[in-house]
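Report on the structure given below.
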């Protein structure tokens, strides 16, 4: 029997009933003239066009009668040009492109550099405070500008992704990242803090075109058995950049001189020149790498593979472009209660991670004076452990498809990890902080791809870029709030524990919201055939593509 998700269905064996939603088509009828019509529609009830006495319509629905097996054959017509041949002779509808690994690697690398530029100031905040002669709040804003820029720009960036595609979005992200890196190279003088801020603003705009791409890249290029792992790998690139941002700056730009009575570093002229040289080395190295990756993006990053990698992507490709509405997509997501709950809970978790990452150097140095290098290494441990968690979570999702259960368990374990990290900071053993930071990072950072993939599942067939963009918007807004609030609480009470407890309270709220999410795995149901698909429209002649297209309505009948 022909199936709705087949591009070219096999002929129905004589004497067997037709599939739901299909009418028999006379053998030899031209593909461009025959149509798929709605079940219970007027043409279906009247026997369909051009079928004459072959079909008798009853009041309860059309009854397909094959008058002569030699003369008539029931089949599902192909979406484009094709011959009436059995399914085994047809080309496969879906296929995996070897280029998918190249695209994923390029994206992960320039995402890595962008994340490195985000955290490179905060990981040695005391050094930059003294070099530019500014307050800790100024350095914190070099991190928070990433969050501020994201909120107003995510909607035009998402519109661009949905209307112009992956390639242009990738070029903008990589290009602006490169431009920002070069601007910073001109800021290595003590009175040019505003120039380094300008470069950071450009990098923060680039981030808008980067953070929302893991899910679209994974969905467009990877098959259903590897999509979660691919998304986790794409997120991994960003996490690795954060890890490198904690590791390299303390090594490339070590603190020089001795502290004076104000707590700032007292520099001689020679020390200042050496510090400027070290900062220059870091900035120029970043700029050269960013330039190389930008040219690599131009050469090798393609829009999409020749054939869709999954049935879910094939259905979306068959939908005519006229059917997509940006405003309707936003409205549909806002009315999706499970997505709204995930939106807030994801924002809490990721915002807490942003706050911890931004303030980690200040938190560690409160208890362990002079341990700038180890503070960076603790940040590295936190992120590397999270990278391992991300990959394991992605593999687990591809194997089990237990999105809600996994998300909830990881959320609870992140909360427990945060409590352990908070109440072991003041023990006086920095090795303990390494260990507890690793536990915290494994679960907190490992949660990030879970949120992306869970959102795509419960919002399909809405744009992956839209759902990812809204998740990141919530994360940026709450990241700004948490960073400012935690920083002030830590300063007022002179205790990082108070600020961490503030984050723990919010994470507990996130656990409750996650538990309330209804798990309706729409994309998974399409790929496994658990969702009822009714072909309910005739082929559409698009102004863009002259080939007929089939419009599909998805009706989910199960909630896993």
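Just so you know, glycine gets a Cβ as well, placed from its N, Cα and C.
Features as listed in Swiss-Prot:
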TOPO_DOM  1-92  topological domain 'Cytoplasmic'
TRANSMEM  93-117  transmembrane segment
TOPO_DOM  118-135  topological domain 'Extracellular'
TRANSMEM  136-163  transmembrane segment
TRANSMEM  166-185  transmembrane segment
TOPO_DOM  186-192  topological domain 'Extracellular'
TRANSMEM  193-221  transmembrane segment
BINDING   207, 476  ethanolamine binding site
TOPO_DOM  222-226  topological domain 'Cytoplasmic'
TRANSMEM  227-252  transmembrane segment
TOPO_DOM  253-270  topological domain 'Extracellular'
CARBOHYD  270  N-linked glycosylation site
TRANSMEM  271-300  transmembrane segment
TOPO_DOM  301-336  topological domain 'Cytoplasmic'
TRANSMEM  337-367  transmembrane segment
TOPO_DOM  368-371  topological domain 'Extracellular'
TRANSMEM  372-400  transmembrane segment
TRANSMEM  403-425  transmembrane segment
TRANSMEM  429-458  transmembrane segment
TOPO_DOM  459-466  topological domain 'Cytoplasmic'
TRANSMEM  467-492  transmembrane segment
TRANSMEM  496-518  transmembrane segment
TOPO_DOM  519-560  topological domain 'Cytoplasmic'
MOD_RES   542  phosphoserine
What's the number of neighbouring CB atoms sitting within 10 A of the CB on residue 207 (ethanolamine binding site)?
29
Is it the case that the transmembrane segment (271-300) and the transmembrane segment (136-163) touch, counting contact as three or more CB pairs under 8 Å in which the residues of each pair are 6 or more positions apart?
no
The transmembrane segment (193-221) in contact with the transmembrane segment (136-163), cutoff 8 A, at least 3 CB pairs, sep 6+
yes
Taking 136-163, 227-252, 372-400 as candidates, which has the most Cβ pairs under 8 Å with the transmembrane segment (429-458)?
372-400
Quick one: do the transmembrane segment (136-163) and the transmembrane segment (403-425) reach 3+ CB pairs under 8 Å, ignoring pairs fewer than 6 apart in sequence?
no
Chain-internal residues, separated by at least six, CB under 8 A from residue 476 (ethanolamine binding site):
146, 147, 148, 150, 151, 351, 354
Which residue counts does DSSP yield for the topological domain 'Cytoplasmic' (222-226) in the helix, strand and coil classes, in that order?
0 helix, 0 strand, 5 coil
For residue 207 (ethanolamine binding site), the three-state class that DSSP assigns:
helix
